[in-house]
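Trainee: Handing you this structure, nothing more for now.
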Amino acid sequence: MAENDVDNELLDYEDDEVETAAGADGTEAPAKKDVKGSYVSIHSSGFRDFLLKPELLRAIVDCGFEHPSEVQHECIPQAILGMDVLCQAKSGMGKTAVFVLATLQQLEPVTGQVSVLVMCHTRELAFQISKEYERFSKYMPNVKVAVFFGGLSIKKDEEVLKKNCPHIVVGTPGRILALARNKSLNLKHIKHFILDECDKMLEQLDMRRDVQEIFRMTPHEKQVMMFSATLSKEIRPVCRKFMQDPMEIFVDDETKLTLHGLQQYYVKLKDNEKNRKLFDLLDVLEFNQVVIFVKSVQRCIALAQLLVEQNFPAIAIHRGMPQEERLSRYQQFKDFQRRILVATNLFGRGMDIERVNIAFNYDMPEDSDTYLHRVARAGRFGTKGLAITFVSDENDAKILNDVQDRFEVNISELPDEIDISSYIEQTR
């Protein structure tokens, strides 16, 4: 395992491994707007109403988007005018598209100048955001995008910046800071500064220091946008310090975990009964793709191996493997080459795999925030999904009660039979 490879970088800050950096999850923020239980709200107005560039509209049509979601409807009109934005919205509501479209709309590419900087807390999320930029800039051939994160050679990054300087840079704070300090990355022309899953970066003091140092290297006059699914009352003032009179949008209701179309159940069992129960459920449930969350790297490796031995097409992703391997496996799963993914919390936040319709908490998450991020992997984009949580001791039961109390949701015991139409889209 490439432990040193990972630990030498001030980057990965994964939830499941305390020794890299102390995990500090934010708490859900109070609502300013009630979404009335609709997960991806449909607005009659289309993207055309935002008066976007024709090249962007063509790419949006190619991606199959017809109507903006609630968060897009609220944010995009202000964001494309260059306003600072602080936005909290549930997972899967299309936050990424807000800043991708808003920055591409305003971008006037200048050769050799980086004008957009997007940072997030994990390499996988950085990789995914860079792919979104590529998707939406499909008809903007002059726009160059690059992604920089630790675990891969910094020399290659320096080479890219020197020979083929991007207009848009996506990355993790540790690597971005290293490139800025050694003068490879010039931040003097930044016009848009974006933090995705901002609470993750600003709650951890070492990462916050990196972000602050990078921020100070950018011009005073710029647009700042921050997004997250969880934004505690404590972290909001920290976010505001980076901004000038931001528009604040909270498209959420903290008291309800109404992930639209998501069925949630628990199973009481002993720890040594989990494998048998999991195999039985994978046999009887209909699924497109499944994500199974475990609490450690060792359990992740062992369970994936066991599933393969039982003829379940599983693949594992955890922070103990080299970066190239992780990205390659993520892409394999995304491309539907494997239907079952076993993962640590590394995969629990911000990852978009449209075909996932079942999420298992094989091991109970450590708190209600992590529960939200994990189960939101199923039933994203307003589709149906199923979340099943294994409860094996009193601590597990306590966390499940916390989830139910906090989100005012009733998670009932898994029945013997579940109506397939309740958790999978029926195609006729």
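Including glycine, each Cβ sits where the backbone N, Cα and C put it.
From Swiss-Prot, here are the annotated features:
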type: BINDING; residues: A89, K90, S91, G92, M93, G94, K95, T96; note: ATP binding site
type: COMPBIAS; residues: 1-19; note: compositional bias 'Acidic residues'
type: DOMAIN; residues: 76-249; note: domain 'Helicase ATP-binding'
type: MOD_RES; residues: A2; note: N-acetylalanine
type: MOD_RES; residues: K36; note: N6-acetyllysine
type: MOD_RES; residues: S38; note: phosphoserine
type: MOD_RES; residues: S41; note: phosphoserine
type: MOD_RES; residues: T172; note: phosphothreonine
type: MOTIF; residues: 45-73; note: motif 'Q motif'
Trainee: Please report the number of other Cβ atoms within 10 Å of the Cβ of T96 (ATP binding site).
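Mentor: The answer is 22.
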Trainee: With a radius of 8 angstroms around the mean position of the C-beta atoms of A89, K90, S91, G92, M93, G94, K95, T96, what other residues of the same chain does the ATP site pick up?
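Mentor: After dropping the recorded site residues, what remains is S69, V71, A229.
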Trainee: What does the structure give for the C-alpha distance between A89 (ATP binding site) and the residue listed as 'phosphothreonine'? Integer Å is fine.
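Mentor: The Cα atom of A89 (ATP binding site) is 22 Å away from the Cα atom of the residue listed as 'phosphothreonine'.
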Trainee: Restricting to the domain 'Helicase ATP-binding' (76-249), what is the model's mean pLDDT?
Mentor: 93
Trainee: How many whole Å apart are the CA atoms of T96 (ATP binding site) and the residue listed as 'phosphothreonine'?
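Mentor: Given the Cα positions, T96 (ATP binding site) is 16 Å from the residue listed as 'phosphothreonine'.
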Trainee: How big is the gap, in Å, between the Cα of S91 (ATP binding site) and that of T172 (phosphothreonine), rounded to a whole number?
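Mentor: That separation, Cα to Cα, works out to 20 Å.
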Trainee: Would you kindly give the Cα-Cα distance separating G92 (ATP binding site) and the residue listed as 'phosphothreonine', rounded to the nearest Å?
Mentor: 21
Trainee: Reduce the DSSP letter at A89 (ATP binding site) to three states and note it down.
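Mentor: For A89 (ATP binding site) - judged by DSSP and reduced to three states - the answer is strand.
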Trainee: In the three-state scheme derived from DSSP, which category covers K95 (ATP binding site)?
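Mentor: DSSP assigns K95 (ATP binding site) to helix.
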